[in-house]
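Okay, so here's the structure we're looking at.
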């Protein structure tokens with residue numbers, strides 16, 4: 001299917017926070033309770049619609065282990081959006097956010113949109129990190145924030161789509177150079193065709209005007 005833009009995402013965070021489950025829920029609308037540890041990087045894609053335009057999300061799901069951190073870093077460079085995930089039932093995953101964020105900002109383009117996600121909101125009885133703490137961290141670092149549940153699908157759709165909306169707004173504002181694919185944005189065939197049609201119509205109008 002033709003698309004106007006392609007946005008590249010990267011999902012980052014500690015091992016076991018539910019990164020692969022979030023991706024699977026978003027792309028396949030299913031939950032897999034037992035998931036093998038991601039080795040290196042996995043990949044998923046899905047089409048969404050923003051402002052009447054088809055946008056393809058290309059999502060890279062990274063390994064959380066320290067031993068794969070160098071591989072993860074190489075994927076930051078071409079990403080327009082990042083989902084930084086922690087587990088609300090494990091405080092250590094929240095405590096490590098600063099390290100992940102520093103790493104992301106050091107190795108990515110400065111305009112990358114980052115969504116902070118507190119995952120496993122369905123496990124309220126085991127919560128170790130208050131929602132207010134997530135909100136405060138996001139505010140302090142200029143991130144978008146949501147709590148999600150990959151199991152129940154709560155806010156999963158919204159997390160991916162709201163990140164895309166933010167990227168799309170930055171394109172409209174001229175913040176992103178869409179001709180530089182290093183920014184994690186690619187102009188699709190649909191967008192190019194629309195522009196060509198628009199240019200053709202303008203040319204036709206001008207030619208018609210000249211004949212009068």
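In case you wondered, yes, glycine gets a Cβ from its N, Cα and C as well.
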Correct range for motif 'Switch 2' (source Swiss-Prot, candidates 43-52, 53-62, 63-72, 73-82): 63-72
Rounded inter-Cα distance in Å - residue 150 (GDP binding site), residue 2 (N-acetylalanine): 29
Annotated GDP contacts 16, 18, 19, 20, 21, 119, 120, 122, 150, 151, maximal Cα-Cα distance (Å, integer): 17
Fewest other C-beta atoms within 10 angstroms, as judged across 19, 120, which are the binding-site residues: 120
Pairwise Cα distance for residue 2 (N-acetylalanine)/residue 21 (GDP binding site) [Å, integer]: 27
